[in-house]
Amino acid sequence: MSARESFNPESYELDKSFRLTRFTELKGTGCKVPQDVLQKLLESLQENHFQEDEQFLGAVMPRLGIGMDTCVIPLRHGGLSLVQTTDYIYPIVDDPYMMGRIACANVLSDLYAMGVTECDNMLMLLGVSNKMTDRERDKVMPLIIQGFKDAAEEAGTSVTGGQTVLNPWIVLGGVATTVCQPNEFIMPDNAVPGDVLVLTKPLGTQVAVAVHQWLDIPEKWNKIKLVVTQEDVELAYQEAMMNMARLNRTAAGLMHTFNAHAATDITGFGILGHAQNLAKQQRNEVSFVIHNLPVLAKMAAVSKACGNMFGLMHGTCPETSGGLLICLPREQAARFCAEIKSPKYGEGHQAWIIGIVEKGNRTARIIDKPRIIEVAPQVATQNVNPTPGATS
């Protein structure tokens, strides 16, 4: 997917001050309930999970615990399993078309974390803000829907239904469903000591979109202008937007090629939170140790200048439609990282070895002084495409 021209509201007969992100108070997957609260809220669901059919299901495969975003349900006939996920987010960027693509990629990412590359069907869930004018609704929502549809088509699937409601905030999400044979998905519970951890997208999207909004807020911009330029912020924002809209499908396919043992996608709990969730699911007594943090260029410096208010260096900064965190055999990891950059997969994208799996007690941590890998933006070298439907 090529880089895009900046969204211009006036091209759609909207006021030049229109901002999609003003129709929510939370951004992206930053809407997630805190992990500790979530665990308590869902305890009763975990206790009753498959209780009525435990004998049948338990004999087929281990169940996934709370904190993992995909359900795997063995079907009663044919040796097949239903793999399904649902997710929704709030607007995080101001380009409606790209926001639709990001929302779709975010839903699909949970399937990709299971190594599933084919999605049989998608539903779209939309909350249309009752604070929008009729013109804003009629101009903006079709762009969001088109972006969602285009991303689904890129994934080889289609949107066949869903639900649309009025809501104070804009809500964007969906359901992704597929039926798989056992060899078409990878249960996220087989990490072994000696594996390495690979990440397929850089961190820092939440920082990039936040500071991009600060360009219009002098009191906030003044806090960071000594460590970052306006051009740096614009590039980081564009890079974040392209990364969030990029499907994790290629990485999902390569998980099979290079014998991945477990994976999860990085979203609202940050890299540490999702690493901890994944560690809890492991059959073996292992722990994950993260040594390296690949971060969008200049966003680590911005985070530090803000007193680390984003939690980026601590691994708690939310990501939206982030990369896959994959446990790979040590001898396969470098080959995985080389292969995912190959032009055969389109533009090719980086992946990074960021840590190790060692014997432990099913926990995850980031070392005290992780190495920050500054990830230079690729958007500056890509072709620019206009937004669909814009008038000149």
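Glycine residues also receive a Cβ, built from the backbone N, Cα and C atoms like all the rest.
According to Swiss-Prot, the residue from ASP69, ASP150, ASP232 that belongs to the Mg(2+) site alongside ASP110, ASP265 is ASP69. If you compare Cα positions, ASP265 (Mg(2+) binding site) sits closest to ASP87 out of the binding-site residues ASP87, GLY161, GLN163. Here ASP87 (ATP binding site) comes close to ASP69, ASN106, VAL107, SER109, ASP110, GLY173, GLY174, THR267: these same-chain residues lie at least six apart in sequence, with C-beta atoms under 8 angstroms from its C-beta. By a simple count of nearby Cβ atoms, those within 10 Å, the most crowded of the binding-site residues ASP69, ASP110, ASP265 is ASP265.
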